Amino acid sequence: MKIIFNLLILFSLVNFINSQSTTQATTLKLEGTIYDQYPYYDNNFEPIAGSLTTRLVQNAINTTTRTPTLNTLLPFTTTNVMGRMVTPSLFQYFYQPNKNAPLTNNSGANFPIPMTVNLTLNPSTGTYVYDNQFFFPIDYQGFDTNPFYRNYTDGTDYHNFHFCLKINTRFTYTGNEVFYFVGDDDVWVFINDQLVIDLGGLHEAAGKNIDLTTLGLTKNKDYTFDFFYCERHTTKSTIRIETSIQAYCPFYDYCGVCYGDGSTCCDPVVNCNDGDLCTIDSCPPRDTIIPAGFSISDLCQHAPVSCPSIDMCTNNTCDSKSGQCTPTSIKCDDKSSQCLTLKPCDPSSGCLYTSSCTSAHNPCNTGACSNGQCQTKSNSTCAAELGNDPCKVYYCDINSGCVSQPLCKQGPDSCEQNVCNAGVCTIKKLDPSVCSCGCVLNKCQKNNCVTASNGTSVCSPLPLDEIDDGNPCTDDHCDETTGLITHNITTKCTGCMKCNTTTGSCSPTNNECQDGNECTDNICVAAATNINQGECSNKTVSCPTTDKCLVYTCDTNKGCVSKPVVCPNSGNCQVGVCDSVKGCTLVPRVCNSTAFCLVSQCDEAIGCITFEKRCSPDNSKCQSGVCVNATATEPGKCKSVDYDPKPFICQTGAIVSTAVVASVVVVGAVVLGAAIFAGKKGYDHWKANQGQVFASSNANPLYQQSNNGGENALFEAPQ
């Protein structure tokens, strides 16, 4: 009775506030994917017996695949031989899907299956435990749904002995976590992307303990926790995990698998086949949200088969009947409406043409074409070309090009001179002394009298005015018998070099090189051995390169065309951006959070992920961290809340004493009444009927039998 009286006094002094309490979880789920393996498809499984082998994998995890990477792919290194990596190249399929590989020898085919490992709280230590010395989680699953594959036993009973388990999670470091493991075969654990447990190879059960306080982690910061386990050999399979790490899954794929890639519920061959041999069918990206009313098949991706370019004269496209890239000759455009005639295709330049509107075809051609007709030089064009003298008449001769004749032609009377003044013809009568000197003229001459030294008028014939056409690029000729005047184009300029009607020299004429291809320069240049001989270069044009954010290509019809540079990302967390001077650079991907209690981070394997913020409590063994979102007046915050009921490790010793009682918080007078009047049975009845499960308290210290022989008055109910 004295003990009960003391308890009454102590309980009356306790002020217990239950509104800020929470219940400690009794289970911890580690969610991942297990990959069923079969030795015929991967001879790294069921090789000859091996031993524990460290340094098989690199110290840093592959952050893109979130899987380990072998230190070497050479099969005959000491570590690979000891670790029984018979075919190291197949290690990539230990923890990554290869479901559609052919079912042939060493193809690496595997079968992914979602897997959850449930750890149970040990309230006396505050750790979560999974202990299974008979660990065969996928018997009759994966490949083994087919009896053909059930041919491995432990001597008597069938089991699926060949599988690899991958668990990718995160946790918020609280400051005192531990992780213990015992099992076989390969086991690798990465924390903060660094290897902390290295138990590779085929071996008997082996263990390793990790105290996270030795890893240099920062309290209240999120870290990655990645666990990899393989069973590669008969006849045992054991595993024991004990940890206080509160691991959680920050991302689920559309199959509902933690850190999944969609492979457990989407098979591109089954779910995404569109029947088109010229598309590459793939499952939706792992972070795809499947809207209500839609199926996975509705969101599959179908990328066109890309066929490599051969040359400018060949189209290499996918044949819809065979699914193979098939080269065919390109069909060049009909450009007759542009007065262009097709030439043989050039592999480096593509379709080439010759213009029928060059001066070689007709010296009166301007080089322009309208509706399939070459445009010729007009009289005004020739006038401008030859000097535009108002006292001359200009026109274009199909044999000679631009020519001119006097506006005011001389008549038969040599004493009547037809004079032109600013385009106006007038007849001027000459004195017979200067115009009648007995000239005997041929058909190409005109009368001209000059005064001899003796003062007499003598004949000095001149060429007819119309013989000179004013074009220095023609050779003018008159037949003295018939008077026929001709103007022949000079032959000193050859090729694309044409005579300049102003200077009479040979000048390059680019129009003569027009090939109908906007990707060639169509430039006339002088030959190395003869400056009067022009040669067309027709070199491929160089498109601008000044703006590094534009990529130029040449279209044979349009010329240089540009499109924005698409800068590639580096992984999922480095975004490619373009600077017009520097070109492509990388910047970190920004993941925006919409609330204080939602964390948005970039995960290299996935991209932006959003998950609930985990708060680190002041005392992780006895408290839970609770996140409180911001309000209009208060910022978001984390707070620590006591577990209710208190875990046993947060209570005092089992024997009742004043010090013990003073440190134990009991939930109100109801508990006290139950304890006093009903003893242990009354307390148990109260505990079993509470709204919040008393899951984490296996014992009441007030009701523990004394280990030193002393009597605990509350251990038994009054008789």
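Just so it is clear, glycine is given a Cβ too, placed from its N, Cα and C backbone atoms.
Summarising the annotation, Swiss-Prot assigns domain 'PA14' to 119-261.
In the structure as shown, the Cβ atom of ASN62 (N-linked glycosylation site) sits within 10 Å of 18 other Cβ atoms. Sequence annotations record features per position, and here Swiss-Prot assigns N-linked glycosylation site to ASN62 (among others).
Summarising the annotation, Swiss-Prot assigns N-linked glycosylation site to ASN105 (among others). Cβ neighbour count for ASN105 (N-linked glycosylation site) (all protein chains, 10 Å cutoff from its Cβ): 9. In the three-state DSSP scheme, ASN105 (N-linked glycosylation site) is classed as coil.
Among the features that Swiss-Prot reports, N-linked glycosylation site is placed at ASN118 (among others). ASN118 (N-linked glycosylation site) falls within a strand when secondary structure is assigned with DSSP. Non-local neighbourhood of ASN118 (N-linked glycosylation site): THR27, LEU28, LYS29, LEU30, TYR130, each in the same chain, at least six residues away, with C-beta under 8 Å from its C-beta.
Annotation for ASN151 (N-linked glycosylation site): same-chain Cβ neighbours under 8 Å, separated by at least 6 residues, are TYR158. Annotation comment: Swiss-Prot describes ASN151 (among others) as N-linked glycosylation site, evidence class sequence analysis.
According to Swiss-Prot, the N-linked glycosylation site annotation covers ASN315 (among others). When secondary structure is read from DSSP and collapsed to three states, ASN315 (N-linked glycosylation site) falls in the strand class. Taking a C-beta cut-off of under 8 Å and a sequence gap of six or more, ASN315 (N-linked glycosylation site) has these contacts in its own chain: PRO327, THR328, SER329, ILE330.
Annotation for ASN379 (N-linked glycosylation site): spatial neighbours VAL393, TYR394, TYR395, CYS396, criterion Cβ-Cβ under 8 Å with sequence separation of six or more. The N-linked glycosylation site annotation in Swiss-Prot covers ASN379 (among others).
Under the three-state DSSP scheme, ASN454 (N-linked glycosylation site) falls in the coil class. The number of other Cβ atoms within 10 Å of the Cβ belonging to ASN454 (N-linked glycosylation site), over all protein chains shown, comes to 6. According to Swiss-Prot, the feature N-linked glycosylation site maps to ASN454 (among others).
Residues or ranges marked as N-linked glycosylation site by Swiss-Prot on the basis of sequence analysis: ASN488 (among others). DSSP assigns ASN488 (N-linked glycosylation site) to a strand in the three-state reduction. There are 11 other Cβ atoms within 10 Å of the Cβ belonging to ASN488 (N-linked glycosylation site).
The secondary structure of ASN500 (N-linked glycosylation site), as reduced to three states from DSSP, is coil rather than helix or strand. Neighbours of ASN500 (N-linked glycosylation site), defined as other CB atoms within 10 A of its CB across all chains, total 15. Annotation comment: Swiss-Prot describes ASN500 (among others) as N-linked glycosylation site, evidence class sequence analysis.
DSSP assigns ASN538 (N-linked glycosylation site) to coil in the three-state reduction, outside any helix or strand. Residues annotated as N-linked glycosylation site in Swiss-Prot: ASN538 (among others).
In three-state terms derived from DSSP, ASN592 (N-linked glycosylation site) belongs to neither a helical nor a strand segment and is classed as coil. Taking Cβ-Cβ distances under 8 Å and a sequence separation of 6 or more, the neighbours of ASN592 (N-linked glycosylation site) in its chain are SER600. The annotation N-linked glycosylation site is assigned in Swiss-Prot to ASN592 (among others) on the grounds of sequence analysis.
According to Swiss-Prot, the N-linked glycosylation site annotation covers ASN629 (among others). Listed in sequence order, the residues of the same chain lying 6 or more apart from ASN629 (N-linked glycosylation site) and placing their CB within less than 8 Å of its CB are ALA595, PHE596, CYS597, GLY636.
The topological domain 'Extracellular' annotation in Swiss-Prot covers 20-658.
Feature annotation from Swiss-Prot assigns topological domain 'Cytoplasmic' to 680-719; the stated evidence is sequence analysis.
Look at Swiss-Prot and you will find 659-679 tagged as transmembrane segment.
The distance from the Cα of ASN538 (N-linked glycosylation site) to the Cα of ASN488 (N-linked glycosylation site) comes to 30 Å. Taking CA atoms as the reference points, ASN62 (N-linked glycosylation site) and ASN500 (N-linked glycosylation site) are 72 Å apart.
If you compare Cα positions, ASN454 (N-linked glycosylation site) sits closest to ASN488 out of the glycosylation sites ASN105, ASN488, ASN500. Classification of ASN379 (N-linked glycosylation site) by DSSP places it within a helix.
Secondary structure at ASN151 (N-linked glycosylation site), as computed by DSSP, is coil.
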